[in-house]
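Worksheet: the structure to be examined is printed underneath.
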Amino acid sequence: MADIPARTEMKVTTGPIRGSRKIHVEGPQGVRVAMREIALEPSSGEPPVRVYDCSGPYTDPNAHIDIMAGLPALRRDWILGRGDVEDYEGRAIKPEDNGLKGPDRSGGVTPFPNVVRRPLRAKAGQNVSQMHYARRGIITPEMEYVAIRENVGRAALKEKLLRDGEDFGAAIPDFVTPEFVRDEVARGRAIIPSNINHPESEPMAIGRNFLVKINANIGNSAVASDVAAEVDKMVWSIRWGADTVMDLSTGRNIHDTREWILRNSPVPIGTVPIYQALEKVGGIAEDLTWEIFRDTLIEQAEQGVDYFTIHAGVRLPFIPMTAKRVTGIVSRGGSIMAKWCLAHHRESFLYERFDEICEIMKAYDVAFSLGDGLRPGSIADANDEAQFSELKTLGELTQIAWQHDVQVMIEGPGHVPMHKIKANMDKQLEACGEAPFYTLGPLTTDIAPGYDHITSAIGAAMIGWFGTAMLCYVTPKEHLGLPDRDDVKVGVVTYKLAAHAADLAKGHPAAKLRDDALSRARFEFRWRDQFNLSLDPDTAEQYHDQTLPAEGAKTAHFCSMCGPKFCSMKITQEVRDFAATRNAPADQFIAAGDAEAGMRAMSDVFREKGGEIYLPAAE
């Protein structure tokens, strides 16, 4: 493992996504926002299609990527320019931070080589959270950045905004202004995860009235530990559309793995701090203390973690409610805290010390992701007393965090059949004051190990439509093993699909733009445009070429599904062409009210074509 930097540099994927180029849109205050532009064939006569881009500099051919140096500190000048932070020595890194407790110190990895900066924190009496700024009426560069990002595609539509959907009471604007972003953050309906010690991150918003976001989970375990693979999975996941990444490492080298990821991540990074705290006490939940947990929070905040999953809603009186469940407590963090509560027969230190946790969060602008430690792990346990009791507590904790101007989102289930999904969204909105909801799926059935990315994407699309702000991906390995690089891509693309489907259903103003562009390309047999406009151009072209690999097939007016004689779109075009020869618009011809005349006209077409049922493909 000592050769980790070289291996990491070799494995990270860079370069543009097929058919795309990186562009930057500049705002009035000089904020430059990265986007992806998909060029279409000149024959289409259509302008390029711009899409939201999470991939950072890794897809920019003009960027110099050096994993050992990390990414440029995009936000550092913004952070320092506000004048409310100070640098300080920070806590010393200890062997137990990397799970190297005891005499055996073997198995470590090379630390990130460029950790020379001193961490930042709020000056005494200051609060550096985006919510605090928003509530003071300040529009930060982060808010302006978010507004420009969220408007991608809307300028192209101009006054033809496509508002066709049901948003269930959301307040999605036609055009996102920095003022709108500020107001949503101030109300707690959106968060901008942006730790002041993660200046490499590109600002993004998680909220019901913005585009639905997705999260990808990575991280090593006690069974499989490879820092190079985790850094590569982070870069790979954002290439395909992950808006945030959670490092759920539980084995050795947790601190160093996280440092490599953070310094090279252009998206917010989340963690579950109790995992590392548990490693520090040798995996014995009963030995956890507030002091160890607090030290872990500060350690991770100094590194730059943008949001913490904290299972403060697992209360002692709720634990007996899970006794009759089919699958009990399935959350790792939830089970750890449940065991601690039972061993000490008292409320957890996460719950009792919540105000003190808020003080740490606002000193670094770390957002809460209040964990659903009692989420259902099977559809049999969905929407039960334990789940909703915890949800009510999370709503109470949200109000406490908001008193500190700390950003909050709420984690949700889990395993929920389709007919019970909307109740989860409705109860969360009511209990948690419209704080952003962040759900794992939910999985809509329990019978598909190996296909749980599909069972969960069904639920994810639904709950995203109902109002969930961010969807946590599920890979094909869910319940079976640690996902590899290929699993990560499948999970991300599947969830990008679910999130986009939700945006369409909500009536997001620009969501249909890409769909319509691809549909026109499909009808006009512009194969390369079809590939490039898709969520996964590589796989789309690969599937096409499995049966029609010749270069000429990229211009053919048919595919291998129907062949040249049965292509419905080709036949439709022939009908339109025939209508044009009759000096009538195609829609008028096809929609003619006189059925008899229409049938006679089609009879004429048949005879003019030689009376053959099947026709050869046009040259």
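Sequential numbering from 1, following the chain as shown.
Quick reminder: no glycine exception, Cβ is built from N, Cα and C everywhere.
Site annotation (Swiss-Prot): substrate is bound by Met246, Tyr275, His311, Ser331, Arg332, Gly333, Asp372, Gly373, Leu374, Arg375, Glu411, Tyr438, and the candidate from Asn217, Asn220, Asn424 recorded at this site is Asn217.
If you take the C-beta of Arg375 (substrate binding site) and look for same-chain residues 6 or more apart in sequence within under 8 angstroms, you find Val330, Ser331, Gly334, Gln387, Glu411, Gly412, Pro413, Gly414, Leu440. Ranking the binding-site residues Gly333, Gly373 by how many other Cβ atoms lie within 10 angstroms of each Cβ puts Gly333 at the bottom. Each residue contributes its Cα atom, and for Gly333 (substrate binding site) and His479 (Zn(2+) binding site) these two points are 16 Å apart.
Each of the binding-site residues His415, His479 was scored by how many other Cβ atoms lie within 10 Å of its Cβ, and the smallest score goes to His479. Across the structure, His415 (Zn(2+) binding site) and Gly373 (substrate binding site) are spaced 13 Å apart at their Cα atoms. Each residue contributes its Cα atom, and for Tyr275 (substrate binding site) and His479 (Zn(2+) binding site) these two points are 19 Å apart. The separation of His479 (Zn(2+) binding site) from Tyr438 (substrate binding site), Cα to Cα, is 20 Å. Under the DSSP three-state reduction, Tyr275 (substrate binding site) is assigned to helix. Counting every protein chain shown, the Cβ of Tyr275 (substrate binding site) has 20 other Cβ atoms within 10 Å.
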